[in-house]
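Novice: Sharing the record's features from Swiss-Prot:
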- His49, Tyr50, Tyr180, Tyr236, Tyr237: Fe cation binding site (BINDING)
- 1-34: signal peptide (SIGNAL)
Amino acid sequence: MEKVGRRVFLGMGAAATAYVTHHLWNQNAESSYAQQSSGGVINVYSARHYDTDKALYNTFTQQTGIRVNIIEAEADALIERIRSEGSRTPADVLITVDAGRLWRAQEAGILQPIQSRVLNSVVPANLREPQGHWFGLSRRVRVLIYNKSRVNPSQLSTYEDLANPKWRRQILTRSSSNIYNQSLTGSLLAIHGAQKTEQWARGLVQNFARPPEGNDTAQIRACAEGVGSVAIANHYYLARLIASDKEQDRAVAAKVGLFFPNQRDRGAHVNISGAGVVAGAPNRQGAIRFLEYLVSPKAQEMFAMANFEYPVRAGVPVHPIVKQFGNFRGQNVNAAVFGRNNAEALRIMDRAGWR
């Protein structure tokens, strides 16, 4: 049976919500979305728990007349709910984080393929399911966080190098039940095959500074405290600490640096937050319009500014904190591979002793 990690969400607070609301209310009136108003309602099942997302949805209603009802829960609970509701489900759209979960939803038969010229032109091919079952809405990069007093960034290079004995008892990461680590392993499986990926996983486990525990923020804190020297985490977890109004969070962030792996070859591992139209959606056309709206320039900017994510749409600015991380090269592996390789990735992680 697959092990499924529990996603820990951090709210962005009133200031970010106000920022999003202000900017979205001032979107260009010439938007094609604003020129259409057919009314109706769409029901969105979402595993993203951010107040700023609600501001996005409210603005969609203002522009189109389509009301958005939100059901929030953990991704796997939402997938199971849609499955149990069957043909009677009121769900039109499923939004979740990680391509691995979107693949699970697709495999469960609860998403339908759609054709959208807007989505196909905006969302890069490697960040959407080839048949149109789901599309990336934002990008999340799996980076290396290093303790500045213990590691020179010149010592860092690739994900593969984390299995090098030179990092013995220095690596911090989440458990194998975490979907982000499962997808990272799944991408390595696609690149290197099972044998080399298992060798990597075994070497990585031998280098753990402690048994895996906590979320990505916990890994960064432990890295800053010297429990280990290098942590594997999604980039926005560090951005949140930098932006925190708590002095202790900013102090943690000041002790660590961020490194994009594999910049001399294929690029860093890029995952997504994404969405798909539910099979049998009562308002299919409204659901498609909603997804197209979420990749519009201003909506993409708000994703970036509110939660420190990278947009999927080219030319959209990132948050100033994220901009300070510098430019990076992202791998071109199709995100659908993460889910397709999930079961084998879990078996490899288990055999390697990654708990």
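We number each residue from 1, going along the chain as drawn.
Using N, Cα and C of the backbone, Cβ positions are placed for all residues, glycine too.
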Novice: Using a Cβ-Cβ cut-off under 8 angstroms and a sequence gap of six or more, which residues of the chain neighbour Tyr236 (Fe cation binding site)?
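Specialist: For Tyr236 (Fe cation binding site), the qualifying residues are Arg140, Asn307, Phe308, Glu309, Val322.
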Novice: Can you see whether DSSP assigns Tyr50 (Fe cation binding site) to helix, strand or coil?
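Specialist: Note: Tyr50 (Fe cation binding site) is coil by DSSP, not helix or strand.
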